[in-house]
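*Asks:* Structure below; questions to follow.
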Amino acid sequence: MVSSTALSAKFTVDGEKSATPTLYVSEPDISIEGVVVKSLEDVREPSLDPRVHLSDESRPDEKELDEGFGHRLTRMLSRKDGGRSSRSEEEGKKDEPIYIEFAPGDHRNPINFPLRKKWAITSVACFATLLASSTSSTYNMGFESMTRDLGCTDFQATIGLSVYALGFGVVPLVTASFSEEFGRQPLYLGSGVGFLLMFMMIALAKNIQTVLIARLIQGAFGSTGATMVGGTIADIWAPKERGLPMSIFGLMAVGGTGFGPVIAGWIEVNHKLGWKWIQWIQMMICAVYLVILPFVMKETRSSILLTRIAKKLRKETGDHRYRARVEDERAKLSTLIWISCTRPVHLMLTEPVVSSFSLWIGFAWGVTYCMIESISGVFRHLHNFDIGWIGTIFMTMVIGSIFGFISNFYQEILYQRHFPHRGPEARLYLACFAAILLPIGMFIYAWSSFSSVHWIALAIGITLFIWGVFIIYLAVFTYLADCYGPFASSALAGQSLARNLMATAFPLFTTQMYRALDYKWANTLFGCIAALMIPIPYVLFFYGPAIRLRSKFSRAVMEAER
């Protein structure tokens, strides 16, 4: 425990030692073990949005500071400004805020969690990713029995694949504000329950319209398993330790897309099971996740934890000067919602690093969804595979992801070796390789689309393509997490929006495109576009630091780390 006497000997309101301090931290004894206090000039809070300029006038008063979410929402809707009165200069000095930060080594700081706790949180978060990614593609395996039972067309069923991706991409723009207000842990719990209920809604559906609505909502809940997990890993792992956790996350995200159909294909073959049991079995697995979640998942957003500590200090001491710096930004609910909803889009449109990677991974993800949609037709029409064996072909996506996971160990060696002089750009060595691998895999897949060519050639093309997608996916998450630090979730939500909008659009024209151009020329077109994007990682590799210095967000993170 650190008493106020000890603190007053070390800190004044300007954050410096002084023989004749003008204002001390606090008079009563307070329990703030491991917490340091700083003035506005000294506090370093990189999670504050650079677009928001906070002044003494906009700083929340003590009533607004501890106001509940419901009252803040009511006040925002009624457009009340809080009725602040002007304060004298003397009162202003008295009310000068005292900001708290985690001291180095504080065990409450998520970055200092014990290693076992970090891996437990990472494992459960990645389990959420596996559920979300596998659910996107397992649905596709039940088309035959679904169209028969619900009397719908293949195109109507395909819309379910697209709307899942739509919910996956759009909703994080809104849920980001809830993670800012309530933290990551409640979002995991709430989205997990909603995700499970949507399996039930789909399985009990009597028409395709109900299925499509449930898929859209399920994609919205499942988005937590993508954007939030990357942010969680960035919360608890330092950049130099982040490689392996991020690669496991990538394996679940990309490999899970192929793993689900392997099982679902054989469920669909059994006429006693079909598409409904694909949903019921996934719901049972999701229930296991929900049982584990409350015991393992802890809050990992440091700004939320600091806010809780500040509230506790205010309650125990009666001194309303104590606050986390982020509370000044979050005091106005309208500001919080505006920041959370616009920051991902702002980053995607104005940050060259985010926009270029969003374009690249968006295209690769869209083609992946086209591949999910086209594999059934290619192997059924060219090689007479039934749905069980078609599902097994999706193992190529798992194998490609495993290749990416293994190759990432070499990427980590390169990162550790070159990070001191290259910085975050040391994450991009294998991304440069993937830029070439992506079109090669697509060209092999395109020009093996003949019944006279053994099906193994198609499988090799898929494997190489997914290997490239995995490397790109992982590079996007690790590189953006390193570049944007506390803004990582927003940057990842921005690229997720672009990625999933592509995944929404591409399957809707897959069947028509393959019918008009046939398999070889349609996939050749994809390969040519992928070839045009080869320069993206090379430009960022060589010119990334100069590009990031021109950015408000990444520059704020760079300055905070100095």
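Cβ coordinates are placed from backbone N, Cα and C, and glycine is handled just like the others.
Checked TrEMBL, it gives:
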| type | residues | note |
| --- | --- | --- |
| COMPBIAS | 46-70 | compositional bias 'Basic and acidic residues' |
| COMPBIAS | 78-96 | compositional bias 'Basic and acidic residues' |
| DOMAIN | 121-548 | domain 'Major facilitator superfamily (MFS) profile' |
| REGION | 1-20 | region 'Disordered' |
| REGION | 46-96 | region 'Disordered' |
| TRANSMEM | 118-135 | transmembrane segment |
| TRANSMEM | 155-175 | transmembrane segment |
| TRANSMEM | 187-205 | transmembrane segment |
| TRANSMEM | 211-234 | transmembrane segment |
| TRANSMEM | 246-267 | transmembrane segment |
| TRANSMEM | 279-297 | transmembrane segment |
| TRANSMEM | 353-375 | transmembrane segment |
| TRANSMEM | 387-407 | transmembrane segment |
| TRANSMEM | 428-447 | transmembrane segment |
| TRANSMEM | 453-480 | transmembrane segment |
| TRANSMEM | 487-509 | transmembrane segment |
| TRANSMEM | 521-543 | transmembrane segment |
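Could you place the listed features in the three-dimensional structure?
*Replies:* For the domain 'Major facilitator superfamily (MFS) profile' (121-548), the predicted model reports an average pLDDT of 86.
Counting residues 6+ beyond its ends, the transmembrane segment (353-375) has Cβ neighbours under 8 Å at 137, 140, 158, 161-162, 165, 257, 261, 347, 390, 393-394, 438, 442, 445, 462, 465-466, 468-469, 472-473, 475-476, 479-480, 483-484, 491, 494-495, 497-503, 505-507, 510-511, 514, 519, 526, 529-530, 533, 536-537, 539-540, 544, 547-548, 551, 554 in the same chain.
Proximity of distant same-chain residues to the transmembrane segment (387-407), defined by a Cβ-Cβ separation under 8 Å and at least 6 residues beyond the stretch ends, is recorded for 137, 141, 144, 247-248, 250-251, 254-255, 257-266, 268-269, 375-376, 379-380, 430, 455, 459, 462-467, 469-471, 474.
Non-local neighbours of the transmembrane segment (428-447) in the same chain are 364, 367, 371, 407-408, 410-411, 414-415, 418, 457-458, 460-469, 471-472, 475, 479, 519-524, 526-528, 530-531, 533-538, 540-541, 544; each lies 6+ residues outside the stretch with a CB under 8 Å from one of its CB atoms.
Long-range contacts of the transmembrane segment (453-480) within the same chain: residues 230, 242-243, 246-247, 249-251, 253-255, 258, 353-354, 357, 360-361, 364-365, 367-368, 371, 375, 378-379, 382-383, 385, 393, 396-397, 399-401, 403-405, 407-408, 411, 424-425, 427-428, 430-431, 433-435, 437-438, 440-446, 488, 491-492, 495, 537, 540, each at least 6 residues beyond the stretch ends and with a Cβ under 8 Å from a Cβ of the stretch.
Proximity of distant same-chain residues to the transmembrane segment (487-509), defined by a Cβ-Cβ separation under 8 Å and at least 6 residues beyond the stretch ends, is recorded for 47, 158-159, 161-163, 165-166, 168-170, 172-173, 176, 179, 223, 226-228, 230-231, 234, 340, 343-348, 351, 354, 357-359, 361-363, 365-370, 372-373, 476-477, 480-481, 553, 557.
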*Asks:* Can the transmembrane segment (211-234) be said to touch the transmembrane segment (279-297) if we require at least 3 CB pairs below 8 Å and skip pairs under 6 apart in sequence?
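*Replies:* Counting Cβ pairs under 8 Å, fewer than 3, so no.
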*Asks:* For the transmembrane segment (246-267), give me same-chain residues lying six or more residues beyond its boundaries with a C-beta closer than 8 angstroms to one of its C-beta atoms, as numbers and ranges.
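*Replies:* Beyond its ends, the transmembrane segment (246-267) has Cβ neighbours at 122, 125-127, 129-138, 140-142, 226, 229-230, 233, 273-274, 277-278, 281-282, 368, 372, 387-392, 394-398, 400-402, 404-405, 408, 412, 466, 469-470, 473-474, 477-478, 481.
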*Asks:* Give me the stretch from 118-135, 155-175, 279-297, 521-543 with the greatest number of Cβ pairs under 8 Å to the transmembrane segment (187-205).
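*Replies:* The listed stretch sharing the most Cβ pairs with the transmembrane segment (187-205) is 279-297.
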*Asks:* Take a look at 118-135, 155-175, 521-543 and tell me which one has the most Cβ pairs under 8 Å to the transmembrane segment (279-297).
*Replies:* 118-135
